[in-house]
Amino acid sequence: MADQYAQLREDKRPTEIPVIRWEEPPEGPVLVLLDQTRLPAEEVELVCTDAPALVEAIRSLAVRGAPLLGIAGAYGVALAAVRGFDVEEAARALEGARPTAVNLSVGVHKASSAYRTALTKTGDPAAAATAALAAARTLHQEDAEASARMAAHGLTLLDELLPGGGHRILTHCNTGSLVSGGEGTALAVALAAHRAGQLRRLWVDETRPLLQGARLTAYEAARHGMAYTLLTDNAAGSLFAAGEVDAVLIGADRIAADGSVANKVGSYPLAVLARYHHVPFIVVAPLTTVDAQTPDGASIEVEQRPGFEVTEVRAPQVPVAGAGDGIPVAPLGTQAYNPAFDVTPPELVTAIVTEEGAVSPVTAGALAELCARSGRATIG
Ligand SMILES: CSC[C@@H](O)[C@@H](O)C(=O)COP(=O)(O)O
């Protein structure tokens, strides 16, 4: 037990982290996921043979983070199609697995509409399943490309906003390779700054209650050799007050048409702190995260998670299970408030960086224009 993290301290493993892949063993196609609930203690893979297994993996956060949820949702539809299950039923279950990240429904819709179109055209379920899988693969590839472009645009923006270099960047939750077909969103920008010799320090919020910052972002930062320091979420205020933060970089689960940003709970307080301390607050997200159908922040559904995630703690090496399986840190029967996300209004966001460039200041019109320019005329 004492030395289970030794390898992580001296991490020399490749920086690329395989988080999701489609495999076709003789027993039939499967979706293989890196189980993120077990990180950083161990790298364990989960093999999904049907959509219900994937729905469970999504709910338990074995697979998580907005862009990856989209990719997983698309592969989940393909899995149901290839294995001959009811595709519409699988699509509904996958889409409903978590409510806030719009990418999940985008991914599910892309694969299921490819399936329906091919089925109408050919009448052949096998050809339709092939089309659904192709749509999932395309989304996976497009996300990798978007990730690289966001990193480049984000780095340019940082250079403009902070011309002196030597950035000290604060980030929240996990937004790297673990959530993406590529190197992620906000963390991809920090990584680009690191590679350019511009990152002095990555401040990593631990991100209570499920510790995506401590378990996952620190894990990724260590693998990349970034200079990082972990802090408790409530230490951020004193860090700003000490003048130690040059910029905040976060991802997003859903961006409403007015530019309101839903992201991991704790993002909004960081935006307030950043405004008070005159520090840029930058959101990095692919255009698949912009949701034209949701007009404003108040219309975003925020996922409420079970109270035991707050009233108990558990070690990452213990598989996630239900209430009562962790170590209690509150009296039995304590009620917990456990929203998974919060919403930051557009006026607190300095810029939204997408694969098509940055929007700053953040307005409904500027976002709509960016989406229209990219061919995603879904806004408005
Ligand atoms: C690019 S990732 C952006 C968000 O999905 C990320 O910051 C986040 O909040 C993830 O939450 P999670 O509950 O771990 O899925």
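Glycine is treated like the rest: Cβ placed from N, Cα and C.
Taken straight from TrEMBL:
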- Asp253: active site, proton donor (ACT_SITE)
- Arg64, Gly65, Ala66, Arg98, Gln212, Asn263, Lys264: substrate binding site (BINDING)
- Cys173: site 'Transition state stabilizer' (SITE)
Gly65, Ala66, Gln212, Asn263, Lys264 filtered to the binding-site residues whose C-alpha is within 10 Å of Cys173 (site 'Transition state stabilizer'): Gly65, Gln212, Asn263, Lys264
Shell of the substrate site beyond Arg64, Gly65, Ala66, Arg98, Gln212, Asn263, Lys264, same chain only (C-beta within 8 angstroms of their C-beta centre): Leu69, Ala101, Cys173, Asn174, Val179, Gly251, Asp253, Ala340, Phe341
Cα-to-Cα gap, Gly65 (substrate binding site) vs the residue listed as 'active site, proton donor', nearest whole Å: 7
Arg98 (substrate binding site) CB neighbourhood, other CB atoms within 10 A: 22
Distance, the residue listed as 'active site, proton donor' to Lys264 (substrate binding site) (CA atoms, angstrom): 8
Extent of the substrate binding site in Å [max Cα distance among Arg64, Gly65, Ala66, Arg98, Gln212, Asn263, Lys264]: 17
Distance, Asp253 (active site, proton donor) to Asn263 (substrate binding site) (CA atoms, angstrom): 5
All-chain count of other Cβ atoms within 10 Å of Cys173 (site 'Transition state stabilizer'): 29
